[in-house]
Number of protein chains: 2
Amino acid sequence: MNIGVLGAGQLGRMLALSGYPLANRFTFLDTTGHPSAGIGDVMVYTDQQPLLDAFLAKVDLVTYEFEHLPVSLVQAIEEHRPVYPGSRAIRICQNRAEEKALFDRLGIPTPAYRLVESADELEAAARELGCPVVAKSLTEGYDGKGQAVLKNSAEAHEAWRAINHPRLVVEAFVDFVREVSIIAARGRDGEVAFYPMAENQHVDGILRYSIAPLPDLDEQVEQIADGYIRALLDALDYVGVLTLELFQCADGSLLANEMAPRVHNSGHWTIDGAVTSQFENHLRAIQGLPLGDTSARMPTCMVNMIGREGEAAEVLALPDAHLHRYDKRERAGRKLGHVNLLAPTHAELLERVRACAALLPDAPAPRFSFEESGS
Amino acid sequence: MNIGVLGAGQLGRMLALSGYPLANRFTFLDTTGHPSAGIGDVMVYTDQQPLLDAFLAKVDLVTYEFEHLPVSLVQAIEEHRPVYPGSRAIRICQNRAEEKALFDRLGIPTPAYRLVESADELEAAARELGCPVVAKSLTEGYDGKGQAVLKNSAEAHEAWRAINHPRLVVEAFVDFVREVSIIAARGRDGEVAFYPMAENQHVDGILRYSIAPLPDLDEQVEQIADGYIRALLDALDYVGVLTLELFQCADGSLLANEMAPRVHNSGHWTIDGAVTSQFENHLRAIQGLPLGDTSARMPTCMVNMIGREGEAAEVLALPDAHLHRYDKRERAGRKLGHVNLLAPTHAELLERVRACAALLPDAPAPRFSFEESGS
């Protein structure tokens, strides 16, 4: 099976590493001009039909590892090859208004929000929701820019000019206890498999740690999250891995933040920590193969290496540490690799995570909500 | 780190799959004309200096996945790049007399044997050792030919002509209970890590099943095996993974059969069943990185797919089954892939192995010695 992947970053690299043992071969179509997969055949897309034809000629089936793709490109490919998950998922995930409308329609709670089309509407929304609020452009650039936090409604006009986008979504701040994510795979036959929920620690908007399974998670809460993602998967007739990021509040309730129609950084722990990784399950799903067991072998924590890498020799000396380098040049804020740490108990795992963090330049202190709850 | 690999078969493929997460890049030098790695840069060696120069220019460090290489080629490479393990290990492993002499020198017991240089000497050896005996050419071709079993000494002249080699080694038959193998890695600093011993089931000289760890293995026996392989590693100042195949007799004692200076089919279970795979530990060793934990996560069995593959969808539906296809064409007797099965207990593992064998065309019935001993 020759699999075409739209996007050619580390997610594509890890897909390929999971897919070679299934005898898959990979051709990547990069649309950014900066492919980094470092594996398989990489083509750089330049809006030329002959190049697209060459890509199509090489692949039986297409998927993507990156959702900031021209929807028209994905639709053009869909006319010639099966694309899983399809262009509809991309279109919705590229537009915060459509994404929130889908959450609303499926009864998936989100933070309170308003859509605005002018500075005056932004000011009114900020007053209505109660500041602070965060205003975001409806469609997101590659760099995650186009956002502003308003501490009071008087900042609306300045924020409107700074974001410089004709439509914004304005969200109330959520007083959350932790950020979590749920990842699930749906097969071509509609079978769904859910990974254990992970707790994620972001710093400056960049994921630093994901830990799963969670020792203090109410089973009912996990079932609610599974219900939300299943509703999304079924509504989109989705095939492949989908990720839903949520806030968990003090009362245990969950509010959906956003979804990603692909394998996700908060699921990298599954490479070593789950019976079947998110990458393998994505490939199984899109090829119509049965899904693999998503359960965790052991408490596992993923530690991202951002901007600068640690010394491989030091990291590999840690017990049950699994290094995953992306073979990229160091650059501030860049995801360069991650370390998966496993341990028989959460207490031992936290010790290992702290030992690992101490070896990585500029790693923030790991802090998980269940430490405070004494679990 | 750019790693050159001599040989380009499935062992090289799996080395590369383990090495990409360490940010290694791979260039394979195939000497057979039939590379199958399907990954990395593959060069086919044709005894041309420019090609060898191009290979050397691309790599920082060289290893091999195949020992039937011209020793002169390995020595020529050693003049320009570090080669781990070195040409000495290859030279010894290519020659049964040298290998047995090394076992003798290190006090590693082997089946009784004689070296012979004529049909008459073969006849005398057969009488002395007591038939049946097996006669083998001193150096082995790629195809494993050049062997004959003598049921009585009168067959010596016919066997001599059939093997058609100037020197043979003649071995007494061993009344063994099971075939086992021990795999160990030795780092550049002399650190050694041992995998749990595996029991191997061969049919017609081809490995079909390897299971580890063994539920009925006396700890002292495992220590003796560790001592044997450590003696070999230290005597050769070996860096990388070494495999020693042994016979275990009814009294528990071990007799060395042969060694392989590389990762080995009987260690494929470690990809999913051990904390660190044999492939990763080989790469860690040759790069001077600390060795990873060799312990087993769970009882694991490797099931080879020989000649014909099973249906991927059926195999992947088995619990905790991990498919490793080599992306090769089907051909009688060819190693096409393997399945690693894990289970919490040996009893459950055996059930899964039988279920897997039932899905594979022409798979022999799995039979392990510990079943009979009731362990």
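Just so it is clear, glycine is given a Cβ too, placed from its N, Cα and C backbone atoms.
Pulled from TrEMBL:
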BINDING   B:Arg96, B:Lys136, B:141-147, B:171-174, B:Glu179, B:His202, B:257-258  ATP binding site
DOMAIN    B:100-287  domain 'ATP-grasp'
Query raised in the report: If you draw a 10 Å sphere around the Cβ of B:Glu171 (ATP binding site), how many other Cβ atoms fall inside it, taking every protein chain shown into account?
Result: 22
Report summary line: Out of the binding-site residues B:Arg96, B:Asn257, the residue with the smallest number of other Cβ atoms within 10 Å is B:Asn257
Query raised in the report: By a simple count, how many Cβ atoms lie within 10 Å of the Cβ of B:Val174 (ATP binding site), its own Cβ left out?
Result: 17
Query - Segment confidence, the domain 'ATP-grasp' (B:100-287), expressed as mean pLDDT - result: 95
